[in-house]
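Just below is one structure, and these are the notes that go with it.
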């Protein structure tokens, strides 16, 4: 059984989502957003670090999946997004958790079936796949999608690392 923390980093709003999988069933645990205040960038990065640290301490994930930075038209925005990712990754590294990174198109492909899917399509599919009563907030849905992407890619990554111990009904397990 693995508990996966998905993170959708942002300099103002960072989404997080937790799922638990036991090779047969994927269960929703929690999701939400860390809203960094209106302070300076350093203060917001500290809030992201502390927020992710608190989530890790509360839910004890086994692995972390983080969405990679995509190129913005504005280089300043891309740099701030990269710094927000760094704060979230540092929180996971500080907790000695394995970190896996996925591009936005990989995440969308895993959840919707199209790498160019709209955010509303991601929200809709997350609601269906995890049997949620309502669509989660955009950033939380992206984080849950990142966790689901890792859940789908996990057996492949484990096989590449030589960690696969067996196969049961078409799915690998550790």
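In case you wondered, yes, glycine gets a Cβ from its N, Cα and C as well.
A sphere of 10 angstroms centred on the C-beta of residue 8 (active site) encloses 28 other C-beta atoms. Under the DSSP three-state reduction, residue 8 (active site) is assigned to strand. Annotation comment: Swiss-Prot describes 8 (among others) as active site, evidence class sequence analysis.
As annotated by Swiss-Prot, Mg(2+) 1 binding site applies to 8, 139.
Feature annotation from Swiss-Prot assigns active site to 67 (among others). For residue 67 (active site), the same-chain residues that are 6 or more apart in sequence and have a Cβ closer than 8 Å to its Cβ are 6, 7, 8, 9, 85, 101, 102, 103, 104, 107, 142, 143, 146.
What Swiss-Prot lists as Mg(2+) 2 binding site is 67.
Look at Swiss-Prot and you will find 139 (among others) tagged as active site, backed by sequence analysis. In three-state terms derived from DSSP, residue 139 (Mg(2+) 1 binding site) belongs to a helical segment.
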Nonlocal residues around residue 139 (Mg(2+) 1 binding site), in sequence order (Cβ under 8 Å, 6 or more apart): 8, 10, 13, 14, 15, 33
